[in-house]
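Here's the feature list from TrEMBL:
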type	residues	note
ACT_SITE	CYS296	active site
ACT_SITE	HIS355	active site
ACT_SITE	ASP378	active site
BINDING	ASN418, ASP420, GLU467, GLU472	Ca(2+) binding site
DOMAIN	288-381	domain 'Transglutaminase-like'
REGION	63-88	region 'Disordered'
Amino acid sequence: MPVEMRSVRDTAAVGRFPTVNFWEETEKETEKPEENNVQKENACQRWMRKVCPCCCPKPNDDDITDTVITGTDDGDKEDDTNGEKPVTDAGELDELLLKVQSVDLMKSRSGENRTEHHTSLYQSDDFIIRRGQTFQMWITLSRPFNPSTDKLHLDLKTGPLPAVSKGTHVIIPLVEELEDDGWEAAVVSQDDKRIKLSVHSPPTAAIGRYKLTVETSGASGRAVSTHDPANDIYMLFNPWCEGKRQVNSLDDQGVVQGNWSANYTGGSSPTLWSGSVEILKQYHESSGSPVKYGQCWVFAGVVTTVSRCLGVPCRTVTNFSSAHDTDVSLTTDVYLDENLEPIAHLNTDSIWNFHVWNDCWMARPDLPPGNGGWQAVDSTPQETSQGTFRCGPASLSAVRNGQVYLKHDCPFVFAEVNSDKIYWQRNADGTFSQIYSEKKAVGHNISTKAVGSDERSDITHLYKHPEGTEEERIAVETASRYGSKAEAYSSPTAEDVSVEVTMEGEGPTMGGDAELTIKLKNSSSEQRTVLLHSQAAVMYYTGVHKATVRKDNADVHVLPNEVKILEWSLNYKDYKDQLIDQAALMLTLSGRVTETQQVLATQFSFRLRTPDLILKPIGKAVVGEKTSVEISFTNPLPQVLKAVTFHVEGLGLVTARKIHYGDIGSHASMSLTEHFVPTLPGSRKLLASLDCQQLTQVHGVTDITVGEKSGAAL
């Protein structure tokens, strides 16, 4: 009669298995003096190795252990042979001993495991799976497995000091049937010496790289399989599992080093990067030295890649006219002197032309119900949060409703997307009075890439109520009560003259003149005279002033109920020597109505458009066969572009590579042909960028459909 298997479910803690000697485990863990000689890693290297082990394996981590064979289970018992034990031939004992001969994790990228775990597109042959889900494996033994007399369990270890109590040392028992409530394994098929296991991990399993060994035992003794690095298991987060639902280097030796100086000596311009893979590889190959250089879109791109790689739903978010509040006022403040001139040393708040961060999807059990879902995470080092340069996760629901008292960093994110821009004028006694406010200056066209297409998806409504609505004003006033300038929200003053700046079409191009339109509207029945000040400046995209390139003053007479149109232009010769990476400029208008002393103020940011690279695929693209693309470009500037470099990259098409081209003459056209061999079939994107001292932000992209190799297995 078969021997009944003992149930192990009642011992709920990970690793409580009847045949495991935990004293022996403790000894094994403490006897590791050689680890003291391992080169010391910084915290970020260790983090990268833990969360992305397939890219960042630990050096000398893969030593294969010897098979451990212990004595028989009843070796100390006496029998009826007057204390003499029967002599068993060593070969016979070895033949009876149940040992593991091989392990097959069925890790083919096109196989059942990786397909079911949504990891088939990872460009690695390692066994990559997700927690909270079942996977299959075959074990070949030295003899057929007898469930009545034989025992078997899987042993998984992750991290430098695996511990059962921390869930980093896991002993997986065999059970009769899986119940999906923890680490379990069940035999689902047997073919002579081979058994097929179905293994389940809980949704709370630690992510990382696990070393796998198999321990077997029976009447003839125990054996532990050798550790084979090829059978390591890479466990990721699981966004498909219902059970469970930052990157800068400034203070923790992170992946990317920020640089907004326009001097990128010793590294690469942030505009040069076209993907995260090259950055992560460079970081790993340099033993954890931060990659130079990045700005907000680079930080956000890396976060998206790493988060998705680990299984965390993540998207890149762009906010246009993004405020940077430096004093927790939850307002964007502009300080003017008695003559309405900006006071530079007080104007520390700024509005970036755009800013890029991330949304990550996660549960928030630490917040009141309703605040789970998308959370804003900003990895660009702007301000510290509890002593570290970081921001978030901030609940989008909390931000939308002005609930800035909820963690983490909701005040900063709220100010980025929905702060009012308030103008303050210095009085004769040195104090300041609020003279004007703009309620729609911040947080425009908040965008992410649409799912399944290259279209822009507008998600502004997730961050704030429609501008000007009662709900939006209530959110602003709710938030302001927790800021340092709550007194700014007083009763508005009467206004009958307004000013607006507009730009036709897609705006000015690099190398050309910039033309804008200023509209002054008099809604009263009397004439108004406006003393108007204008100032044009080159700006960093972060909203920080670089250089003033033009200043004007004018008296403008506006008839009753008239809309006065003023054409304003800025010549190329006025700004060409001051331009920096993002080709960003800002027109600041301020003025006073003579008759009523009403103050007008507005700022209009715009960017000079750069030309695109034209990418034209040549011929048919097939996996494993050489194909090519033509890259063409016309220099829009009346000057030579020096030492031009192209970057080309495309997943499944070509790994990131640099092409040192040389000079391109004034208004000259060029083309080059680049060859590559596709490695993956299907619809692919090829990206290219151009970089030089005189011109940046030049990009191109094309779609390439790659066919299967002729005769390839379906």
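Placed from the backbone N, Cα and C atoms, the Cβ positions cover glycine too.
Model, not experiment: these values are computed from the prediction.
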Within 10 Å of HIS355 (active site) by C-alpha distance: pick out those among the recorded positions CYS296, ASN418, ASP420, GLU467, GLU472, and say none if nothing qualifies.
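If one measures from the Cα of HIS355 (active site), the recorded positions that come within 10 Å are CYS296.
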If you draw a 10 Å sphere on the Cβ of GLU467 (Ca(2+) binding site), how many other Cβ atoms land inside?
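Summing over all protein chains shown, GLU467 (Ca(2+) binding site) has 14 other Cβ atoms within 10 Å.
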Which recorded positions are spatial neighbours of ASP378 (active site) here, meaning Cα within 10 Å, out of CYS296, GLU467, GLU472?
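Checking Cα-Cα distances against ASP378 (active site), the recorded positions within 10 Å turn out to be CYS296.
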Please list, in sequence order, the residues in the chain of GLU472 (Ca(2+) binding site) that are at least six apart in sequence and whose C-beta is under 8 Å away from its C-beta.
ASN418, LYS464, HIS465, PRO466
Tell me which residues of the chain lie with their Cβ under 8 angstroms from that of CYS296 (active site), as long as they are six or more apart in sequence?
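Listed in sequence order, they are TRP352, HIS355, VAL356, TRP357, THR380.
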Around ASP420 (Ca(2+) binding site), how many other CB atoms lie within 10 A of its CB?
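Taking all protein chains shown, ASP420 (Ca(2+) binding site) has 22 Cβ neighbours within 10 Å.
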Quick check: which same-chain residues outside ASN418, ASP420, GLU467, GLU472 lie with their CB within 8 A of the centre of the Ca(2+) site CB atoms?
SER419, LYS439, LYS440, VAL442, GLY443, LYS464, HIS465, GLY468, ARG473, ALA475, VAL476
What mean pLDDT does the predicted model reach across the domain 'Transglutaminase-like' (288-381)?
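The answer is 89, the mean pLDDT of the model over that range.
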Please work out which residue of HIS355, ASP378, ASN418 has the most C-beta neighbours within 10 angstroms of its C-beta, and give that one of the recorded positions.
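Within the set of recorded positions, the most crowded position is ASP378.
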